[in-house]
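Enquirer: Before we start, here is the structure in question, set down as C-alpha cells.
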Amino acid sequence: MAEQQVGIVGETPARIEAEAGARVGDFVALLKPRVMSLVVFTGFAGLFVAPGHIHPVIAAVAVLCIAVAAGASGAINMWYDRDIDAVMSRTRNRPIPRGAVTPEQALAFGLVLSAFSVMLMDIAVNTTAAALLAFTIFFYVVVYTIWLKRSTPQNIVIGGASGAFPPMIGWAAVTGDVSLASISLFLIIFMWTPPHFWALSLYKEGDYAKAGVPMMPVVAGQRSTKLQMLVYTLILCPLTLVPVYFGVAGWIYGAASIALNLGFVGHAIRVLRSDDLRNAKRMFGFSLLYLFLHFALLCVDRAPGVMPAILSVLS
Ligand code: HEM
Ligand SMILES: CC(C)=CCC/C(C)=C/CC/C(C)=C/COP(=O)(O)OP(=O)(O)O
C-alpha cells in the first residue's frame, strides 16, 4: 500500500521541528475533533433511544469509548494520508504536514487509543459494543483510508459505512445486540454520507485532483456527481422515517424530518440546476444541520421515557 502514497513529507526539517516537541493542541488536532463531535453525538443518540436501562456512568464510559475510538482512527487516518494532506490546501496545516507531530508519534497515539477504547468498552460495557467499535475502526482505517480512498470514486459510498456505525454501537451498549431498529439508524447516516461529502468535494475538486484522489467529481464530472447526490438524497428521505415505524421516534421527529427532507431535496435540486458552487457549499452546511437535528430530535422524542429512569438511578 505504501507505494501508492505520493512523496511522504514531514521527514526532514519538519521532523526535526516535530521532535523538538509536539504540543497538546497538536495531538488534539489529530483526533479531528470537529468532524468527530457529530459522530460521537450520533453514538450518544443511539444509546439514548435504545430500549432498556443502562447506568448513567456506564453510558458515559460508552460514549467516551466511542469518542476516543473516533479520534484515534482519525489520527491513524492522518498518519496514512500525510502525503496527500500535505498537498491539499484544506489539510496542509494538519499536525503531520506542518511538522508539529512525527508520523510515528501519530501512529502510536492512534493505535494506543484505539486499543484502549476497545478494551475499556469490552470490560466496562459489553462485548457486542466493543466488537462493533473495533470493526468500525478497522473499516475507517483499513477499508476506507488504506484500500478504497485512493482506488475508486465509490470510496465514500462503501467507506461511509464506518461513519454510520456509531448509533449501532451506542444502541448495543444498552441492549447488547444489533436489531432492525438500530440498523435503521445506521442506514440514515449511510445514505446521508454521499450527498454530505460530494457537496464538499464539488467545491474542493481541485484539491482532490491535485492529490490524485479519485473523488466522484474528479472522475465522473460535476454533472454526474450532482445527479447522484440527488438520487441518494431521494433514497434517504423515506429511510429517515423508518425509526418512526419501529417506535424509536415519535411525531415530533417525524414532522421535523419531513421538513428537513424537503429542505435537503431542495438543496440537491438547486445544486443540480446551477453552476454556482456556493450552492454546494450551502448544501454541505445544511447536511450537517440535517443530521444533527435528526439525531437530536430522536432524543427529544425519547426524553419523556428516559429522563425519569436516569433521575431514579441518580437519586
Ligand atoms: C466516509 C464518510 C465521510 C467523509 C469522507 C467525510 C468527509 C468530510 C470532510 C472532508 C470534511 C471537511 C473536514 C475539514 O474541513 O477538514 C467533513 C466535514 C464534516 N463532517 Fe464529514 N465525512 C464523512 C462522514 C461524516 C459523518 C458520518 C459525520 C457525522 C456523523 C460527519 C461529520 C462532519 C462534520 C461535523 C464536519 C464539519 C467539520 C468542521 O466544521 O470542520 N462526516 N466531512
Ligand atoms: C467510532 C469510530 C471509530 C468512528 C469513526 C468515525 C468515522 C469513520 C468517521 C468518518 C468521517 C470522516 C472523518 C471522514 C473523513 O474522511 P477523510 O478521512 O477522507 O477526510 P480528510 O480528507 O479530511 O482526511
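These residue numbers are counts, starting from 1, taken along the chain as shown.
Using N, Cα and C of the backbone, Cβ positions are placed for all residues, glycine too.
Pulled from TrEMBL, these are the listed features:
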- 35-51: transmembrane segment (TRANSMEM)
- 57-80: transmembrane segment (TRANSMEM)
- 101-121: transmembrane segment (TRANSMEM)
- 127-148: transmembrane segment (TRANSMEM)
- 155-174: transmembrane segment (TRANSMEM)
- 180-200: transmembrane segment (TRANSMEM)
- 229-246: transmembrane segment (TRANSMEM)
- 252-272: transmembrane segment (TRANSMEM)
- 284-303: transmembrane segment (TRANSMEM)
Enquirer: Per the definition of 3+ C-beta pairs under 8 A with sequence separation of 6 or more, do the transmembrane segment (284-303) and the transmembrane segment (35-51) touch?
Expert: yes
Enquirer: So, taking each listed stretch (35-51, 101-121, 127-148, 155-174, 180-200) in turn and counting its Cβ pairs to the transmembrane segment (57-80) that are under 8 angstroms, which one gives the highest count?
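Expert: Most Cβ pairs under 8 Å with the transmembrane segment (57-80) come from 101-121.
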Enquirer: What same-chain residues lie close to the transmembrane segment (252-272): Cβ under 8 Å, and 6 or more beyond its ends?
Expert: 195, 199, 202, 226-227, 229-230, 233-234, 236-237, 240-241, 243-244, 279-280, 282-283, 286-287, 290, 293-294, 297-298, 300-301
Enquirer: Counting Cβ pairs under 8 Å to the transmembrane segment (127-148), which of 35-51, 101-121, 155-174, 180-200, 229-246 comes out on top?
Expert: 155-174
Enquirer: Do any residues, 6 or more residues outside the transmembrane segment (155-174), come within under 8 Å Cβ-to-Cβ of it, and if so which ones?
Expert: 39-40, 42-54, 58-59, 62-63, 66, 70, 73, 121, 125-126, 128-129, 132-133, 135-136, 139-140, 143-145, 148-149, 181-183, 185-190, 193-194, 197-198, 214-216, 295
Enquirer: Sort out the residues at least 6 away from either end of the transmembrane segment (101-121), same chain, that have Cβ-Cβ distances under 8 Å to it, and list them.
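Expert: Same-chain contacts beyond the ends: 8, 10-11, 15, 18-19, 22, 26-27, 30, 61-62, 64-66, 68-69, 71-76, 78-79, 82, 95, 129-130, 133-134, 137, 173.
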Enquirer: Residues of the same chain, at least six outside the transmembrane segment (229-246), with any C-beta under 8 angstroms of its C-beta?
Expert: 49, 180-181, 184-185, 187-188, 191-192, 194-195, 198-199, 253-254, 257-258, 260-261, 264-265, 267-269, 271-272, 283, 294, 298
